[in-house]
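J.: First, the structure itself, so that you have it in front of you.
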């Protein structure tokens, strides 16, 4: 089981979903904080779900409030950076750029018809 | 306590990577993940911490004049009151804690300079790590 987990983790690194910041998190886990990585990951998924829901609601309203969307993406990028979710961080950077230049088409093209999702089975936006 | 060890012949030296005295830290950030990460970093180097969700909370914690932190880790972009405004206000309130601003790589030089001029002792880019923060804290504490 541990070997399976190790292989999955390595695969996430190899595919660029995780970066060295995740190793920093693992190094903070010790006997005093034996579940630290799990706690941080759980917080991240919970927070991400909230942010994504806010973003989806903002997009469903039809008009693009770029300031609001940028604020959500800023938060999402910050927590993704801190946990080492590299691909999510990159996507957030891209979306923030669209907000900066007011590119609604870019947002829609990049997001597509799919809904954004971050969860235990994915560590980034659906591809 | 994390340690690194080197051995010279039969003598094993252990280098502590804790700060030299117990730090009392205020962590100011609107992101729950980042607050948890920074809390754990401070704990791992032997410090204790309290958190605030934004600059306004950080200022309110100091209003009665009884707050006494060795160090404040201040995020830059936050709702209600951002890090720059909170730092300026804390300095106006004669708060003498060391304040380290926490910026992102997206912040340009002018933005960082403005943040420093608000009253920071130093600025670090996210994500923070034990390796980034420990030498800085020890140097600042020795000063």
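One is the number of the first residue shown, and numbering goes on along the chain from there.
Positions of Cβ are set from backbone N, Cα and C atoms, glycine also.
What you see is a predicted model, and the numbers here were worked out from it, not measured in a lab.
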J.: Which is it, of A:86-106, A:107-127, that TrEMBL names as region 'Disordered'?
T.: A:107-127
J.: Which whole number is the mean pLDDT over the domain 'HPt' (A:33-127)?
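T.: When the pLDDT values over the domain 'HPt' (A:33-127) are averaged, the result is 80.
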J.: Using Cβ atoms only, which residues of the same chain lie under 8 Å from residue A:74 (phosphohistidine) while being at least 6 residues apart in sequence?
T.: A:92, A:96
